[in-house]
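Student: Next up is a structure, given as structure tokens.
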Amino acid sequence: MEKNQQSTAEQYSEQIEQLMELGRTQGYLTFAEINDLLPEDAIDPEYYDKLLQTLQNDAGIPVLDEAPESDDMMLSDTIPDEDAVEEATQILSNVESEIGRTTDPVRMYMREMGTVDLLTREDEISIAKRIEGGIDEVQTSISAYPEALNGLLKNYDDVEKGNFRLTDLITGFVDPNAEIEEHNGLDEDFSDEDDEEESSNADVEDNEDEEDNESESTSDSSDSDNSIDPEVAREKFQQLREQHSKTLAVIEKHGRSGKRAQDQIALLGEIFKQFRLVPKQFDLLVLSMKEMMKRVRYQERQLQKILVDIAGMPKDDFEKIITTNGSNSEWVAKALKSSKPWAKRLIKYEDRIYEALNNLAITEENTKLTITQMRDICDAVARGEQKARRAKKEMVEANLRLVISIAKKYTNRGLQFLDLIQEGNIGLMKAVDKFEYRRGYKFSTYATWWIRQAITRSIADQARTIRIPVHMIETINKLNRISRQLLQEMGREATPEELAERMGMPEDKIRKVLKIAKEPISMETPIGDDDDSHLGDFIEDSTLELPLDSATAQSLKVATHEVLEGLTPREAKVLRMRFGIDMNTDHTLEEVGKQFDVTRERIRQIEAKALRKLRHPSRSETLRSFLDE
């Protein structure tokens, strides 16, 4: 039975590989080809949806109703990526057995993670070299367009002026001739420390976390700052600037295609390869090249729409014209005079054709590159970026287990396990970006700090119901650590005065930190063994009137009415209006006088007489009991 299942799985895997190979060769797949290659029992609706999604989104292979003409994909931006196709093949080989088995995201993540083999030291070096090679290809290709480096040099000018941090620009420099150092003994020490940490108790882990939190704000910057000598950076940037200026001058004088210009561009590329840019700066450079080519492709698609889709020009002819002429518009007149049937239909769109070609010419003028040169540079940048991205992905996927092992130590700290894994993976990706294999350490040794830093920072930033700034979290952790030390020394809880003296901080700030450190408690917290009562039931609602106050006010109202009944109707009404009894508001003497059609003085006299009557002991005794003693 097991052999049959294994044989079926192998057959299914082979069919998936055949399907992917066909899609990679053709650049597309049709629904008929998918149905023919896959066995009928494999086309489960849920799996079929996953198959189409993986083909189009992950592998970049479009799925069509019918086969297109041979040149349909000529100007398409979506080109199947060989590594993406291989990855999609692996996903599809696993997904059939996964569907219906479990929906737990953690188990699914663990299972997929387990399909990736661990790396040896040699594998790590090989992948790191591929990453470096891909980045070198990108930077060398960008050097062929020296104008792209203007922004980088301008940012360094801001660094010199103090308006920009050097660590926000570069992570360091690479010496291509440097040999790989050996630190095997130190790696073993690190491994021993990791084993000890895994077996340590929760208290030690808490202290570790607090120390990590305490230093995390400065560790990141210090780690980067110590690796970059400002004097070395100044020397390197000066060298880059001089070669950049020299290259532009030669291009301006002799043209970009000449041997002198190519030699200077090669020298510029060798210098620029030594720079390791931060990912944000690297992405900005790559994006600038992509945006440049995006404008060209847009105009070419406009021309294709007119010439091929509307006029009916054969695609072979269109591709030949665009490749040969670029922005040159001399071919338009010849095309309009052509005897071919599509030529007459072009006359109506002559202005739009010239407009698109003019836009291409403007792009060439702005960039000082021909369309062919732009395409060559951008293709080289894309190949290098793809190579580096694939290698980084391999390194990340092979070390996901390391993130899991570290994240397990930080459970029950306020974040869910999947959130801890996600934050740890972000730290892992940063470690891949900054890893320097020439220093001789294993990648796991280097990545552990970055993963812990990402996890502890996320706990400090997100775990609390009420967010507290990270610097305040550091102060709280330091205060807690010193409180435990004083408790061990004195055998009792330390007072705010003692904490302030030990920490060298004002006492009022210590009290403030102690107040902030308190965790909020839910009002739904159950009280007692049963769940009938909650904490909120025992908290006084200051917005409501107390029953005693309500009863007192009601009794006072009744007593006041009884006392007023002992006065004449006129006196009682005057007092009611003057003091707002049973009314929305009180009234002035003048307002009451108008009501009775008498003067203000007369109302004052009536009021005084009524109050004298109420002060008589026979009447005042009833109201005196309501006065607060």
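Heads up, the Cβ atoms here are built off N, Cα and C, so glycines get one too.
Straight out of Swiss-Prot:
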REGION    183-228  region 'Disordered'
COMPBIAS  187-228  compositional bias 'Acidic residues'
REGION    395-465  region 'Sigma-70 factor domain-2'
MOTIF     419-422  motif 'Interaction with polymerase core subunit RpoC'
REGION    474-550  region 'Sigma-70 factor domain-3'
REGION    563-616  region 'Sigma-70 factor domain-4'
DNA_BIND  589-608  DNA-binding region
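Neighbours and distances for these, please.
Tutor: Taking H, G and I as helix, E and B as strand and the rest as coil, DSSP gives the region 'Sigma-70 factor domain-2' (395-465) the counts 56 helix, 0 strand, 15 coil.
Here the motif 'Interaction with polymerase core subunit RpoC' (419-422) has Cβ contacts under 8 Å with residues 109, 403-404, 407, 410-411, 455, 458-459, 462 of the same chain, all six or more residues outside its ends.
Taken together, the residues in the region 'Sigma-70 factor domain-3' (474-550) have a mean pLDDT of 85 on the 0 to 100 scale.
Long-range contacts of the DNA-binding region (589-608) within the same chain, counting only residues at least 6 positions beyond its ends with a Cβ under 8 Å from a Cβ of the stretch, are 570-571, 574-575, 577-578.
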